[in-house]
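These features come from Swiss-Prot:
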type	residues	note
COILED	288-376	coiled coil
COILED	759-1381	coiled coil
CROSSLNK	LYS1034	SUMO2 cross-link
REGION	1186-1205	region 'Disordered'
REPEAT	69-98	repeat 'ANK 1'
REPEAT	102-131	repeat 'ANK 2'
REPEAT	201-230	repeat 'ANK 5'
Amino acid sequence: MPSSLLLATRNQILSMMNCWFSCAPKNRHAADWNKYDDRLMKAAERGDVEKVSSILAKKGINPGKLDVEGRSAFHVVASKGNLECLNAILIHGVDITTSDTAGRNALHLAAKYGHALCLQKLLQYNCPTEHADLQGRTALHDAAMADCPSSIQLLCDHGASVNAKDVDGRTPLVLATQMCRPAICQLLIDRGAEINSRDKQNRTALMLGCEYGCKDAVEVLLKNGADVSLLDALGHDSSYYARIGDNLDILTLLKTASENTNKGRELWKKGPSLQQRNLPYMLDEVNVKSSQREHRNIQELEIENEDLKDRLRKIQQEQRILLDKVNGLQLQLNEEVMVADDLESEKEKLKSLLVAKEKQHEESLRTIESLKNRFKYFESDHLGSGSHFSNRKEDMLLKQGQMYMTCTSPGVPAHMQSRSMLRPLELSLPNQTSYSENDLLKKELEAMRTFCESAKQDRLKLQNELAHKVAECKALGLECERIKEDSDEQIKQLEDALKDVQKRMYESEGKVKQMQTHFLALKEHLTSEAAIGNHRLMEELKDQLKDMKAKYEGASAEVGKLRNQIKQNELLVEQFRRDEGKLVEENKRLQKELSMCETERDKKGRRVAEVEGQVKELLAKLTLSVPTEKFESMKSLLSSEVNEKVKKIGETEREYEKSLTEIRQLRRELENCKAKLAQHVKPEEHEQLKSRLEQRAGELAKKVTELTSKNQVLQRDVEKVYLDNKLLNQQVHNLTSEIKSHYVPLQVSEEMKKSHDVTVEELKKQLLDVTQKCADKQLEMEKLLLENDSLSKNVSRLETVFVPPEKHQKEVTALKSSVADLKRQLLELNKKCGEDREKINALVSENTSLKKTLSNQYVPAKTHEEVKTALSGTLDKTNRELLDAKKKWEDLNQEFVKTKDENEILKRNLENTQSQIKAEYISLREHEEKMSAINQNMKSVQDNSAEILANYRKGQEEIVTLHAEIEAQKKELDTIQECIKLKYAPIISFEECERKFKATEKELKEQLSEQMQKYHVREEEAKKYKQENDKLKKEIFTLQKDLKDKNVLIENSHDMERALNRKAEELNKQLKDLLQKYSEIKTEKEKLVDDNARQTSELLAAQTLLQKQHVPLEQVETLKKSLNSTIEHLKEELKNKQKCYEKEQQTVAKLHQMLENQKNSSVPLGEHLRVKEAFEKEVGMIKASLREKEEESQNKTEEVSKLQSEVQDTKQALQKLETREVVDLSKYKATKSDLETQISNLNEKLANLNRKYEEACEEVLRAQRKQLSAKDEKELLHFSIEQEIKDQQERCDKSLTTITELQKRIQESAKQIEAKDNKITELLNDVERLKQALSGLSQLTSPSGSPSKRQSQLIDTLQHQVKSLQQQLADTDRQHQEVIAIYRTHLLSAAQGHMDEDVQAALLQIIQMRQGLVC
């Protein structure tokens, strides 16, 4: 009872609160909302940072202002996760705790939509984590529902309560299990969430997980020790909720968990006794069988693991099947809900029909009663005599007819009324016979028969219409079933098509992978052929690869089209489902119409049966009709009875009138009695009313309990339906996402297949062409080799004789010739050889002449061979030296690795020192807090000084007034003296005046003494203020030193110094002004004292004169009056001055308190001076050491700059060597040795620096240990020293980084030199081979003049080729550097957490560029 009432009241209050909160902001901000707010909202929705910052720069813009819908720009930015806009708003300044109409602040919205970066930023600005919305949910609740583990971790790290409950008593763990988020459940449990926490209905997270069928979450809860045996408020356990959810897997999990708990309890109960009994027996067996058991346990565990894996697979398959079933059941549920709604509407319609039927039944009963009355009247009329009636009788009969008319219902038709009712005046006709009455009855019968026939015809028509409608309904039902079957078939076809598309996609992916492997093989083949020299084929294959890339991109576009088609198919499926729903609704509507028609048919059939029964009754009554004689006798009897009844009616009417008058009187009396009794109540009636009210209250309470129980049941049903809808939406979303990610439409897959088949066929054709070309080229190569052999034989014959020296020199210069041009020349030479075969006879004749010339012009073969051996020996030496250099470089690399490790150790030491600094020294926040406290003190001092100034001004004004009064008194004394000179008065009155004057003098003297005391007090206060100002100045200087020593920025410290100096100067000026005013007041005081002395002397003189002379009475009285007025005036001024004095005393007391506080917080001067001197000495020592270190660091920086210049010189030298493509090994070794010596020197210097740094750190630590007893100033000085050390350390780190960069550059240059050396050696080998072949060919084919020209042409072409190759290398280097730059920038942005769409697109570009480089 109370819980249900509380729930009802809570729901009402919540609804009221929602309404109030929804209405409040609309009324508040409707008038405040302007165009700039609208622009800011639009910019926030678009995420335009520049626009947002420009609008915020204007005055009066509040980003936390709510619009008509109850949300602000700040909330929109947080919900959309735009970090830059959020930064701009936070920097501008906004109330972080502002909430929207639902009570959610920006932290709630960022957690709800899973924006972890925005959430982190808000937490950095100290946004409260425990703020709850109108549903009582914190940001952790929203993060748990949004499935965002990073935001949950952030909130927990910043102190969010894991066990916070909402209005329904649900924790974040409960909501995570409801939403089926097992990972988040585990995370919350790890963070300390209560597993067995209950909501307001005493349901645990396990119960809700079982109800919503979340197996993974239930597993997580059971693993972490959730209690299975707990019961909710209704007495249900978790297995009951698992049965409601129809999830067998969860039931099995719960059973196993409960069995394990029971087993554990039983073992706990039975364990001690069994162990006590079996201990002596078990010890021997355990020692023997321990090894066997371990082996068996391992085997069993392996078998169990395999079984569990199989079970997991089966369970996953079953889960998928169950998900499909769940989807089907949910659809059925939706249909059943629709059917239930339709049944409820039909119930309401049937109720309305029942009410109408009851009304019709009542009307039919009335009509039957009226008919019975008519038949009775007809019988009485028929049995009466035929005598004539008087006028009275006729009147009576007319009255009776009217009475019967009133009894009958107005809806009865005319043919159903009797003859007496239709024509009541027939009785008055004297010559009417029974024959005419019988004719009328027959006519009425005929009319009734015609009516019955028409009713039968109507019934037949209705039956035909009903049959027609039934047939239509059946046809519609068949159509609905057929449409359902068609839609099911279409859905199945679409599912099959999606499966086929999946298969084709997998096949296409496999084909793509095969193609990629094929492409890689082709690339390798092409690279091998490029080494041989097939540049044309390379270019053709590159073009083919580009074409293939274009086709691949087209295929990816087709895949995109296929995905779009899948989406269209999904939309079609949804349309089919909607059409099915519409058809089901139409079917239900037709069924309703059919039921209505059937009910109408039943009604009309009943009416027809009733009419037939009435007709039969009429026929039976007509058979029992009476003859005319009896009828006339009956008439006479009736007339006599009517006369008697008329008399009786007259008497009754009179009595009725009397009774009416009596009743009126009684009513009046009753009303009077009621009016009297209204004021009094009987105790019996009171008790009766009490009992009735108690009964009524009990009934109402029962009704309330029933209604509350129904309300609870309905709420549960609503919650279940809501959660079912949520689950359905999630499943639909998951299905759509799976279809989008995994499925492809049929058309797209077929197009992909076709395109891939076409590309494969084209590639096959290209491969066949390439293979044919390769075969042709191999045949040509074989021919060329054969010809080469023949030529080499001829060349060997020629070389046995002589080698010319000129050709030898030309061959040495032509070392940079390429393979491709030589092959082309070989082809041309072969052609020319074919042409010149005819000229062989001529060449034989020329051979004899050439042999003669060879002896004179060419070098012998021996010298040539000796030169060759020498060159080969030098090449071997260079190779050996290169290998030695490589080994040395490897050693250097190892040394560099060691130095890197040492650098890492130094970095760790740095981090440790930083942590020590953080632990031992004050942070910026504390410094800022101290500064704020000092500023507050300064403000309070300024306020006090302002109050003192105001009091001083008031004192000046009072002094001015006193001056004026003194002058007035002087004037009055002058007048008195003149009066005394003119007239005289008696001595007695004068003595009285004297006494008064003395009293006034005393009072004035007392006032003057009090003012003097006040002025002395003020002087002392001024001195104190001076001392306080001096102390403040000293504190300001100490603070300035602290600011300089700490990590505060220099600019801020300078600004603070300037501001404080200004304030100090202002205070000094104020003090100077006060001192000047004080000196003026002193002078004025002295003047007043002199004036007072003069006045006293004058008064004494006047007294002496008065003693000698008499004064008149009139003058004395005037003097009395004037003196009394002056005395009253002076008293009022004294009161005012006393008030001012009290105020000043209060201010002085406040200042004293301030001074005492400052004294308590401050240090005495002696100690301060001692500490200061000690610190100054230490600072001097440390500064001297720092200067030495700075000089050393400057020397090191100079050395580093020298090294950098040397490295640049080496780079330039290397570039020159690259242009020449020849490296002097001796210079290289010299530079290498120099660099090694420099590196060793730098390493030694680094070691020295590290030692010095460690020594400095030790010195600092010693100083810290000595000065731990000192106060804050000592620590501040230490901090300044360590800051300077840090600066030097940063410089050292910079120098180390420059050294490492130099080392890296040296390594890179060495690698480049090695690669170039290798290339040079390869080129030299190729050139030597080609040289030999060229020499032979030139001797064979060309005459004496032609070889020089051809060789020059060859050299030119080779140089061009070398230049083109160099350009290509430079272009590739540029591309590589650009790629590296892009890669670094995007990696940095990704590391910082800025993974926006632009960054993702850039990363895709990087991958594509990388693939392009690989290609």
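The backbone N, Cα and C atoms fix where each Cβ goes, glycine too.
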Cβ atoms near the residue listed as 'SUMO2 cross-link' (within 10 Å, other residues, all chains): 14
Could you break down the residues of the repeat 'ANK 1' (69-98) into DSSP helix, strand and coil, giving a count for each? 18 helix, 0 strand, 12 coil
Looking only at the repeat 'ANK 5' (201-230), what are its DSSP counts of helix, strand and coil residues? 16 helix, 0 strand, 14 coil
Summarise the model confidence on the coiled coil (288-376) as a single mean pLDDT, whole number. 70
Residue distribution over DSSP helix, strand and coil in the repeat 'ANK 2' (102-131): 16 helix, 0 strand, 14 coil
